[in-house]
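J.: I am attaching a structure below and will ask some questions about it afterwards.
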Amino acid sequence: MSAVLSLADVHKSFGPTAIIRGVTLNVPTGERHAIIGPNGAGKSTLFHLISGRFPVSSGTVSLHGRPITGLKPYEIYRRGLSRSFQVTNIFPRLSVYENIRCAVLWALGYKYAFWLGVDALRSVRERAEAVMTSIGLTRRRDVQAGVLTYAEQRALEIGLAIAGGADVILLDEPTAGMSRGESEQAVQLIRTVTQGKTLIMVEHDMSVVFGLADRISVLVYGQIIASDTPRAIRENAAVREAYLGQAVH
Amino acid sequence: MSEGAILSWRSWAPWVALALALVLLPRLLSSGSSLTMMSLMGIMIIFALSYNMLLGQTGMLSFGHAVYYGLAGFVAIHAMNAIAQNKWAIPLPVIPLIGGLAGLAFGILFGSVSTRRGGTVFAMITLGVGELVASSSLILRSFFGGESGITANRTKLMPLFGYKFGPQIEIYYLIAGWAFIAILAMYAITRTPFGRMCNAVRENPERAEFIGYSTQTVRFIAFCLAGFFAGIAGALAAINFEIMNALSLGAAQSGTVLLMAFIGGIGLFWGPILGAILVTFLQVTLSDLTGAWMLYFGLLFILVVMFAPGGIAGWLALHGPALRSGRLGRLLPAYALAAVPLAMAAAGAILIVELAHHMLVKASSDGSLVHVFFTTLDGASPWPWLAALALLGVGAALTRLAWGPVRSAWAAVHAASAPVDGPAEAAVVPPAAQGVLPT
Ligand SMILES: Nc1ncnc2c1ncn2[C@@H]1O[C@H](COP(=O)(O)OP(=O)(O)OP(=O)(O)O)[C@@H](O)[C@H]1O
Ligand SMILES: [Mg+2]
């Protein structure tokens with residue numbers, strides 16, 4: 001089984017406090033992998049380490065079998081890993097369409113071109129429109145992202161992550177703060193847009209996790225205490241004690 | 001529309017209008033002084049737009065943009081002299097391109113250091129580079145010519161189609177031609193993948209890195225391009241004045257271009273054009289009228305920052321929706337009402353500035369009589385001062401009162417323009433935000 005993303009003994013400390021304390025994880029190609037764990041366990045920090053927002057203190061992260069530790073976020077993105085953020089992180093004063101369009105430019109190879117008219121690039125327009133359709137924001141095309149509703153901003157956040165067509169996608173709590181109906185829609189959305197890709201997501205909502213994930217890793221206090229199928233995780237005594245006991249009633 | 005074309009034919013209309021205006025203006029305003037002023041405006045339009053590639057488009061606050069304008073101006077002066085001396089077959093209209101390339105080269109040189117970081121660090125480095133270049137301009141006398149600067153004679157170059165570019169009208173058309181090309185090119189750049197990413201970096205540099213872009217590279221390219229266009233402006237200045245001195249690359253010149261861009265409005269592409277025209281006009285006319293003209297610029301700048309952060313262009317753009325729906329007329333009575341006390345307050349402020357300036361600077365030699373507003377006042381007597389203060393105070397108070405009608409007129413315009421079918425879309429973009437957004 002080939003791991004598209006693997007972490008080997010990854011550590012991260014902020015000053016004297018160790019937040020990630022030796023994480024080893026292999027995610028095979030095409031898997032939908034959920035990371036769960038109590039607040040402050042270090043889930044978002046782990047995503048920041050994988051995506052290059054923070055440097056690791058020690059250990060290696062590999063993508064497609066090549067180490068990516070120490071690379072800048074845009075270099076990791078260019079190797080095929082894209083992510084969303086737990087706290088909405090969009091371009092607030094640009095329109096929905098502009099947001100999405102910016103996120104497809106690199107992937108379509110236009111890079112820093114300052115000699116091509118962007119409005120006339122058909123591939124860019126079609127891709128951006130397809131992404132807007134898939135995240136359900138076509139009607140809101142020309143609205144400033146900053147004035148969208150919360151759920152719409154979360155959808156846009158996912159849209160930015162998937163627009164470039166990366167084959168490994170990290171979603172940090174995509175349904176946080178959504179109502180049940182909204183979160184069901186979001187799950188549907190995530191299922192379709194990550195078809196044929198590798199998905200790693202942090203999620204607190206257990207119905208989302210058990211509905212979507214092929215495999216679940218439980219992160220507690222900076223360490224993975226279990227990594228298994230949803231069924232096995234549900235029955236794992238240590239997990240129940242450490243985490244599920246409080247979350248599932 | 002072909003794949004990759006920057007502008008479609010429909011969007012050419014404003015450009016045809018601009019070209020016509022540039023061609024026809026000297027017919028309407030043909031006096032020597034207006035030709036001189038319009039030439040200067042053309043140069044400053046290019047300069048201010050190049051500055052806004054940084055500030056408005058990419059969110060980079062530079063305190064040293066005159067470095068590229070001034071250094072390119074010096075390169076242009078030396079190029080003109082060398083071409084004339086060696087009788088090279090290079091006509092004058094090519095000089096701005098040489099200036100542009102010089103600006104680009106210096107942009108690459110200094111930009112590789114200053115654009116590593118954004119925000120405050122970038123601003124501080126531009127300030128440092130500005131000081132560095134300004135101080136070395138006093139040391140390297142052979143290149144900068146010391147206090148007196150370096151002169152050139154533009155008519156000594158090879159004539160082009162019989163034109164020797166002696167008369168100001170020929171220089172005007174040379175500047176207008178280059179201004180047209182530069183404005184069009186800078187606008188086109190905003191409509192490219194790179195131009196869109198400049199906006200993205202301005203809005204949220206961190207996220208830009210997570211969709212594949214190095215913010216450092218975006219800033220660097222923007223900086224180099226801004227240097228290129230500033231260089232064109234600097235070379236045109238060298239041609240126009242036939243002299244360059246160290247003042248043109250100093251902090252004051254860098255401050256002026258910031259002022260132009262900001263007063264005009266950095267959020268819209270054409271804002272700095274308005275700013276360059278207005279500030280140049282005021283600089284030329286006010287400096288003839290009063291010694292305190294710099295002070296008026298400071299006041300104008302503060303007022304714009306406080307009351308119209310989108311600049312003049314942003315304020316004008318607020319009226320776009322009302323204009324399109326034909327409801328602009330409803331605003332005019334309220335505006336007219338507010339204009340009267342506003343004019344009073346302005347008159348009071350001008351009186352105070354002029355009295356103070358005269359008494360502090362000129363009274364010891366010229367006596368205490370001040371000529372202002374077509375009358376003569378005695379600055380030594382308290383009455384003109386009290387009258388000016390009263391004018392300012394009453395004017396300001398009445399302006400506040402008149403603000404109520406202005407506000408309710410706006411509310412009426414908004415209420416009337418709410419669409420019947422799609423309430424959500426109309427409500428979402430507040431006019432205040434629209435005014436400051438590049439489109
Ligand atoms: N930049 C930082 N500097 C110092 N401490 C940090 C930093 N970022 C996170 N931490 C700490 O690391 C710990 C883990 O944070 P993290 O955001 O990764 O948790 P999480 O598992 O995502 O929690 P949540 O479920 O609340 O999102 C927290 O105690 C947090 O305070
Ligand atoms: Mg988190």
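Cβ coordinates come from backbone N, Cα and C, glycine included.
Annotations for this protein, taken from TrEMBL, read as follows:
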type	residues	note
TRANSMEM	B:12-29	transmembrane segment
TRANSMEM	B:35-54	transmembrane segment
TRANSMEM	B:66-84	transmembrane segment
TRANSMEM	B:90-110	transmembrane segment
TRANSMEM	B:122-144	transmembrane segment
TRANSMEM	B:171-189	transmembrane segment
TRANSMEM	B:220-239	transmembrane segment
TRANSMEM	B:259-282	transmembrane segment
TRANSMEM	B:294-318	transmembrane segment
TRANSMEM	B:330-353	transmembrane segment
J.: Would the transmembrane segment (B:330-353) count as touching the transmembrane segment (B:35-54), i.e. at least 3 C-beta pairs under 8 angstroms with sequence separation of 6+?
T.: no
J.: Grab the same-chain neighbours of the transmembrane segment (B:90-110) for me: Cβ-Cβ under 8 Å, and only residues 6 or more beyond its ends, written as numbers and ranges.
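T.: Same-chain residues near the transmembrane segment (B:90-110) but 6 or more away: 67-69, 71-73, 75-76, 79-80, 83, 129, 154, 157-160, 165, 174, 177-178, 223-236, 238-239.
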J.: With Cβ distances under 8 Å as the criterion, find the stretch in B:122-144, B:171-189, B:220-239, B:294-318, B:330-353 that has the most pairs with the transmembrane segment (B:66-84).
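T.: The stretch with the most contacts is B:220-239.
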J.: State the residues, same chain only, that lie 6 or more residues beyond the ends of the transmembrane segment (B:330-353) and have a CB under 8 A from a CB inside it; answer 'none' if no residue qualifies.
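T.: For the transmembrane segment (B:330-353), the list is 292, 295-296, 299, 319, 322, 372-373, 377, 384-385, 387-399, 401-403, 405-406, 408-410, 412-413, 416.
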J.: Check the transmembrane segment (B:259-282) against each of B:122-144, B:171-189, B:220-239 and return whichever range has the most CB pairs under 8 Å.
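T.: Ranking B:122-144, B:171-189, B:220-239 by Cβ pairs under 8 Å to the transmembrane segment (B:259-282) puts B:171-189 first.
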J.: Six or more residues out from either end of the transmembrane segment (B:171-189), which same-chain residues have a Cβ under 8 Å from its Cβ atoms?
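T.: Sequence-distant neighbours of the transmembrane segment (B:171-189): 6-7, 15, 18-19, 22-23, 25-26, 35, 38-39, 42-43, 45-46, 49-50, 53, 92-93, 96, 154, 165, 195, 225, 229, 232-233, 236, 239-240, 269, 273.
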